[in-house]
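Enquirer: Encoded as structure tokens, here's the structure I'll be asking about.
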Amino acid sequence: MSQSTTTTGSPAEANTATFPAATVLGYPRIGPNRELKRALESFWAARTDVPALEDAAATLRTRTRARLAELGLARTGGAVPEASSFYDQVLDASYALGALPARFDGLAGLDLYFAAARGTSGDAGERAPLEMTKWFDTNYHYLVPEIGPGTTFRLDASRFVGPVREAAAEGLDTRPVVVGPVTYLLLSKAADDAPAGFEPLSRLGDLLPVYAELLRELRAAGASWVQLDESGLVADHLLDTATVSPADVHAAVKAAYRALATDLAAGVDRPAILLQASYGDLGTAWPVVAATDVEAVAVDLVRGALPAAPVPGLETKTVVAGVVDGHNIWRADLGAKADLVDAVAAATGAGAVAVGTSTSLQHVPHDVEPESWDDGTAAGAELDANLHAWLAFADQKVGEVVALGTALTDGRDAVADVLAAASAAVAGRRDAAGVRVDAVRARTAALQPGDFERGAHAERVTAQRERLGLPALPTTTIGSFPQTVEIRRARAAHARGELTTDAYEQAMRDEIARVVTLQEELGLDVLVHGEAERNDMVQYFAELLDGFAVTTNGWVQSYGSRCTRPSILWGDVSRPEPMTVRWAQYAQSLTEKPVKGMLTGPVTIMAWSFVRDDVPLAETANQIGLALRDEVVDLEAAGIAVVQVDEPALRELLPLRQADQAAYLDWSVGSFRLATAGVRPDTQVHTHLCYSEFGEVIGAIDGLDADVTSIEAARSRMEVVPELQDAGFSRGVGPGVYDIHSPRVPSVAEVTELLELAVKSVDPNLLWVNPDCGLKTRGYAETTPSLAHLVEAAHAVRATL
Ligand code: GLN
Ligand code: ZN
């Protein structure tokens with residue numbers, strides 16, 4: 001790949017770096033066959049040691065670099081990003097900055113790193129892990145830094161510098177990717193011991209010298225470019241608007257890049273800086289980044305727009321046009337993208353233009369090539385041909401930016417056949433059967449306001465109380481029970497055809513019976529069937545609904561070693577037949593206690609799938625809402641008295657800019673109501689949201705009109721309960737009383753204390769007792785005692801009422 005972009009009239013005289021014509025902002029890091037997941041999990045299970053883990057990670061990094069070069073990225077000039085991580089890029093920054101909280105003092109190296117990620121217990125000492133929250137509007141979770149007035153910053157650049165050296169030894173000049181200083185602090189929360197009103201961003205001045213030192217070390221290791229991720233610039237959701245305004249963020253960026261770009265002798269002491277702003281529109285931040293002395297700016301031109309007029313300052317910079325969607329899997333219409341790339345120079349006034357992805361590719365699977373949808377049927381063969389033509393995973397996207405880069409440097413004729421093939425694929429997708437189904441469109445078009453209404457909440461409360469007869473502080477779980485090795489083995493054997501469907505289903509019924517018995521023994525009040533038959537809470541439904549396809553190896557990192565396999569929503573959605581009814585009915589037949597029917601809500605199904613880019617999200621949400629509504633009504637008819645519709649992703653899809661949020665909340669909340677409003681007043685609707693920091697969605701939670709809402713609360717010590725009450729929420733609430741993300745077993749005293757905190761701010765008649773989330777990733781060794789403690793604590797607090 002030629003590097004023909006030129007930087008005109010750079011003021012940073014010493015810096016002669018030109019940015020390569022094509023790049024990607026990041027690449028999947030879990031490995032094409034989840035090599036990193038396996039290496040991490042064997043290390044955590046103490047089956048392997050540190051050198052084995054380091055080896056596996058280094059092998060994967062080498063493979064990634066080789067693959068990116070093979071796909072056409074330049075080996076030099078910083079075209080290949082170095083964006084690997086053992087767990088999380090924000091944790092990597094915390095570790096490198098020496099900014100981990102005091103409870104981890106005394107630990108070092110990977111012990112420190114993984115303790116911060118996962119907590120420690122037993123002989124290693126009791127330490128809570130860092131809190132985890134969603135990364136921008138994705139389903140990736142990062143570990144939230146805890147910053148206080150006393151946090152000290154001390155550089156340990158080893159985990160960034162090592163891979164740069166390693167690449168140099170392979171003759172590759174990689175571009176390390178680091179969370180930028182302003183975004184790092186915006187992503188942070190105030191440490192527990194910080195005074196009220198403390199803002200992590202106030203520590204910027206102390207942080208910058210450490211970043212400056214990091215840049216010098218990266219340069220010394222041979223990096224010609226560094227990528228600093230300042231996506232905080234495009235997001236309002238990180239701002240605690242009471243204390244930090246967009247203007248404060250702009251001022252912080254100005255100060256930060258004066259220190260990092262201007263004050264450090266350019267080109268000598270530091271690598272050239274690519275300032276990245278992904279996941280949204282730069283908007284009023286265009287002049288801010290243009291006024292810095294960084295050498296290049298990467299902008300998201302999938303979510304964001306070009307500025308209204310050229311921006312003074314950009315004439316000395318390269319604008320990396322993020323035209324290839326890093327966050328979705330559709331093959332790009334390369335002709336249209338090339339037009340957009342061609343418009344960038346004039347629209348922005350940039351000195352040079354390069355082609356990039358809109359975001360890191362960490363949000364898409366590695367490679368579409370090995371996937372097959374051909375199941376031997378004619379429909380399977382058609383789907384297989386279609387999806388191979390329509391989809392682009394990470395490797396295909398690298399090919400797209402490379403082709404667009406060639407079009408930019410050598411003219412479109414040089415890649416005419418690639419552009420033509422892309423256009424043909426886009427046209428073929430538009431016209432293919434199943435993409436638009438008239439019967440589905442007719443049903444969504446006929447929806448009336450009444451279809452979204454359930455009737456007065458107060459009447460429902462009375463009717464449900466009568467029907468269910470539950471005690472105060474009823475105990476329940478979020479739905480899934482541990483997915484044991486036996487369950488997964490049975491599913492795999494069934495998939496391979498070694499276990500008949502009858503035998504598989506019998507195994508699942510046996511598991512349900514076991515889980516129901518266990519819950520009765522534990523004394524839980526509202527039972528679940530345990531979700532043994534579900535491989536995943538979204539994929540399970542995607543396999544049963546029309547309009548979706550699933551992958552066999554399309555893994556995407558969710559957090560740490562956890563991966564999900566997002567389904568692909570390619571056509572109009574409908575439900576050919578009931579999906580969960582017989583399982584719920586079977587579980588209910590085994591017990592006198594109510595069993596919750598368990599469904600995944602429309603927004604979550606969409607958020608954890610790759611959604612269509614050819615119809616409005618609101619239309620898809622209503623299609624799924626109607627399919628689920630039919631299921632909810634069928635569950636009720638089958639005798640199920642409590643139905644839970646999980647919407648853990650409600651906040652995730654929230655647009656990052658405030659101005660877009662109302663419209664989103666309208667359709668998302670509407671689709672939940674559409675799914676749940678078909679039942680009688682005495683049927684209790686639950687929902688589950690995985691997180692506790694509601695921010696802008698707090699009003700929407702009430703708008704869902706669910707009778708009971710369970711949320712995460714243990715790590716934040718029930719803080720959310722008074723917050724919800726302050727926001728006027730007056731329905732049933734189940735703040736999680738223990739954190740299921742760690743194997744720690746909470747003591748009865750601990751759970752009791754949390755419940756006592758909760759009853760201080762919520763009417764005990766509204767309070768439910770449950771864990772933070774589903775138990776599928778836990779083992780029985782910790783699940784059984786944890787739930788026993790939960791029930792015991794609930795009884796203890798119940799007795800004091
Ligand atoms: N019902 C699901 C479960 O328990 C909910 C999981 C989730 O919210 N992520 O597994
Ligand atoms: Zn959850």
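Cβ atoms here come from the backbone N, Cα and C positions, even for glycine.
Where the annotation comes from TrEMBL, it is an automatic prediction and has not been curated.
When I checked TrEMBL for this same protein, it listed these features:
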type	residues	note
DOMAIN	22-347	domain 'Cobalamin-independent methionine synthase MetE N-terminal'
BINDING	Lys37, Asn139, Arg562, Cys563, Trp608	5-methyltetrahydropteroyltri-L-glutamate binding site
DOMAIN	473-795	domain 'Cobalamin-independent methionine synthase MetE C-terminal/archaeal'
BINDING	Ile478, Gly479, Ser480, Asp646	L-homocysteine binding site
BINDING	Ile478, Gly479, Ser480, Glu531, Asp646	L-methionine binding site
BINDING	His688, Cys690, Glu712, Cys773	Zn(2+) binding site
ACT_SITE	His741	active site, proton donor
Enquirer: For Ser480 (L-homocysteine binding site), which DSSP three-state class applies?
Expert: strand
Enquirer: How many whole Å apart are the CA atoms of His688 (Zn(2+) binding site) and Asn139 (5-methyltetrahydropteroyltri-L-glutamate binding site)?
Expert: 16
Enquirer: Just jot down the residues in the same chain as Cys773 (Zn(2+) binding site), at least 6 apart in sequence, with C-beta under 8 A of its C-beta; none if empty.
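Expert: Listed in sequence order: Ile478, Pro648, His688, Cys690, Glu712, Gly736, Ile740, His741.
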Enquirer: Let me make sure I understand the span of the 5-methyltetrahydropteroyltri-L-glutamate site: among Lys37, Asn139, Arg562, Cys563, Trp608, what is the greatest distance between any two Cα atoms, in Å?
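Expert: Taking every pair among Lys37, Asn139, Arg562, Cys563, Trp608, the longest Cα gap is 20 Å.
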Enquirer: Name the secondary structure element type, per DSSP in three states, that contains Lys37 (5-methyltetrahydropteroyltri-L-glutamate binding site).
Expert: helix
Enquirer: An 8 Å radius from the center of the Ile478, Gly479, Ser480, Glu531, Asp646 Cβ atoms defines the neighbourhood of the L-methionine site; name the other residues of that chain inside it, in order.
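Expert: My list of surrounding residues reads Thr477, Val528, Met537, Met598, Gln644, His688, Cys773, Gly774, Leu775, Lys776.
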Enquirer: Nearest to Ser480 (L-homocysteine binding site) in three-dimensional space, by Cα, is which of the binding-site residues Lys37, Asn139, Glu531, Trp608?
Expert: Glu531
Enquirer: Identify, in sequence order, the residues in the chain of Lys37 (5-methyltetrahydropteroyltri-L-glutamate binding site) that are 6 or more apart from it along the sequence and have a CB within less than 8 Å of its CB; answer 'none' if there are none.
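Expert: Spatial neighbours, sequence-distant, of Lys37 (5-methyltetrahydropteroyltri-L-glutamate binding site): Ile30, Gly31, Ser561, Cys563.
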Enquirer: Which binding-site residues from the list Gly479, Glu531, Arg562, Asp646, Cys690, Cys773 come close to ligand 2, meaning a Cβ under 6 Å from one of its atoms?
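Expert: Passing the 6 Å Cβ check against ligand 2: Cys690, Cys773.
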Enquirer: Let me know how many other Cβ atoms fall within 10 Å of the Cβ of Trp608 (5-methyltetrahydropteroyltri-L-glutamate binding site).
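Expert: Trp608 (5-methyltetrahydropteroyltri-L-glutamate binding site) is surrounded by 24 other Cβ atoms within 10 Å.
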Enquirer: Looking only at DSSP and grouping its letters into three states, which state does Cys563 (5-methyltetrahydropteroyltri-L-glutamate binding site) belong to?
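Expert: Where Cys563 (5-methyltetrahydropteroyltri-L-glutamate binding site) sits, the three-state DSSP reduction gives strand.
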Enquirer: Cβ within 8 Å of the Zn(2+) site's Cβ centroid: which residues qualify beyond His688, Cys690, Glu712, Cys773?
Expert: Ile478, Pro648, Leu689, Tyr691, Ser710, Ile711, Gly736, Asp772, Gly774
Enquirer: Work through the binding-site residues one by one (Asn139, Glu531, Arg562, Trp608) and name whichever has its CA nearest to the CA of Gly479 (L-homocysteine binding site).
Expert: Glu531
Enquirer: Taking only same-chain residues 6+ apart in sequence, whose CB is under 8 Å from that of Arg562 (5-methyltetrahydropteroyltri-L-glutamate binding site), what do you get?
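Expert: The answer is Thr777.
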Enquirer: So which of Lys37, Asn139, His688, listed as binding-site residues, have a Cβ under 6 Å from an atom of ligand 1?
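Expert: The qualifying binding-site residues are His688.
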Enquirer: Determine, using Cα-Cα distances only, which of these binding-site residues is closest to Glu531 (L-methionine binding site): Asn139, Trp608, Asp646.
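Expert: Closest by Cα: Asp646.
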